[in-house]
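According to TrEMBL, the protein has these features:
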ACT_SITE  209  active site, proton donor/acceptor
BINDING   16, 157, 209  divalent metal cation binding site
BINDING   108, 110  substrate binding site
DOMAIN    14-268  domain 'SMP-30/Gluconolactonase/LRE-like region'
């Protein structure tokens, strides 16, 4: 049976950062340029949103703190208290700011998520048109400090880990590859970074974006400007499957649903010309893919 792709939420400008919260049975995701955090509950098909005060690169629930999220707003890491219904947050608490010394107004936090131990990883980027490499990859732990692990990053994006937190997969979109590296589970320090899968070498148009890992250890990678999601085998670096998405700007993926066998796919419509919108009327929508025959993991809550 072929996978089934269906639209579940109306389009936004720059959808990103899907996170399945198993406790509430809800998918959280953001519209970066719309400055919104969304909550979508599949059981009721209801979507609610809160508007924040700056570009929001990601938002992840905080462990043992109902209605609290850690989020990246422009260059700030903040705690947001939101009841899941109100259009404005109850509280926004600033924790830290990254790369204060970089003067570029284009630099901002992009994708982020919590690793299996609860550390929050995120990276920064300039706009893709700029092509600068002044971004960084960093994590924030319970000390609430930014630990910079990589510099010279162009467009920090997808993150995924093995369940033991010893191996990390990472995307700097401008390199057009998925990289793999070793992680010290206790300290979070990374080493031995190398290319795992190159889009260029495999003849794939577009840029790797957000990603996730399934229970078989395979990666699912969104392809921005490629209208598809890839399934990659980390053991061999080979392409296993492609799933076409009816939107060119595919930004990220996350498994969810009661059985964790539904793949939610965020997309964008930043570059949707009249011709693109005619071909892809649902560009920017949230999609659900079923019938993949594989399960994933729920999102990990942040310990911060």
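Counting starts with 1 at the first residue shown.
Even glycines carry a Cβ here, placed using N, Cα and C.
Shown on the structure are the features that TrEMBL records.
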residue : record                             : Cβ within 10 Å
16      : divalent metal cation binding site : 26
108     : substrate binding site             : 23
110     : substrate binding site             : 24
157     : divalent metal cation binding site : 30
209     : active site, proton donor/acceptor : 28
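When Cα-Cα distances from residue 108 (substrate binding site) are compared across the recorded positions 16, 157, 209, the shortest belongs to 157. For the domain 'SMP-30/Gluconolactonase/LRE-like region' (14-268), the model gives a mean pLDDT of 96.
Residue 16 (divalent metal cation binding site) is 9 Å away from residue 110 (substrate binding site) when you measure Cα to Cα.
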